[in-house]
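Q: Quick one: the structure is below, questions incoming.
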Amino acid sequence: KYCKISIILLYIIVVMSMSAKAEVSTEVTCQDQELSNVQILMGHPGITAPYLPGHVLVFKCTDVNMKMYGQRTIECQSNGKWDYPYPKCLETACVANLANMIIEGCPHPGVVYMPGDRLKVSCVQGLILQGPDVITCQEDGQWSSPFPSCVVETTCGPPPTLSHLNADTKLFLDSKITKYSLGKKVEYACFQTYIMEGDPFVICQQGTWREQFKCIPPCLASVEKMDKRNIELKKGGRERMYNPQMDHITFVCKKGTYKKGNSVQFRQQCLYGEMTLPECE
């Protein structure tokens, strides 16, 4: 009887022990990270692992002449990750804000540079550089001048010639003006016989002139095209004809010819520079 009770108690103890070990093995902890010229000054509840969620570490540089980069205080989160990576301490250095920048002659990649490092910078396409394009990290950890930045161009040069759009500025522009402010508008007009569709203004936006119109070409019914189809204008005979957008024109068969069976109607409309011509035989 007593032997059976002992076996049962031993079984319970083993099961409880295994359960406890399973709980420990699945417990969430934050991992140690490499210390780079830093040491843990203090921690709550301590400075040694295991680091459970809520564990706080405070760091300091191993050398008072070094500068810390990163967070001095970090905390272990419930997901087993630190809220910030371990900080690093480096010799007096310069920090670079390289957003939207291209670096030439970079001695080493990154955003932290040592005294004597010299950078030549430029901007990605669409942005302009504000500040010097060459800058040097000095012994005191400061750049030789305020670090440059890449910004959106807000002014525009002279309004463009839009001959490819069959348009030009409506008024004469002062050639002495070389810069136009953001939002500035310049009015354009289409070439003769072209019809404007949209806003006639070209606007300066982020350093670029942007047009919001297009010039619709006329329809051309040449004498050659009409002769080939044995037709002529109902009014005007065989003269060359430019027909503006949306306009209607009526044709007739030449004397002695008649409408071809599958021909389109003799009254046609000009649509975006295209017009189907009727045909006679």
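Heads up, residue numbers simply count up from 1 along the chain you see.
Using the three backbone atoms N, Cα and C, a Cβ is placed for every residue, glycine included.
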Q: Which one is it, Cys94, Cys150, Cys156, that TrEMBL ties to Cys123 with a disulfide?
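A: In TrEMBL, Cys123 forms its disulfide bond with Cys150.
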Q: For the domain 'Sushi' (154-221), how many residues does DSSP put in helix, in strand and in coil?
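A: Helix/strand/coil tally for the domain 'Sushi' (154-221): 3 helix, 34 strand, 31 coil.
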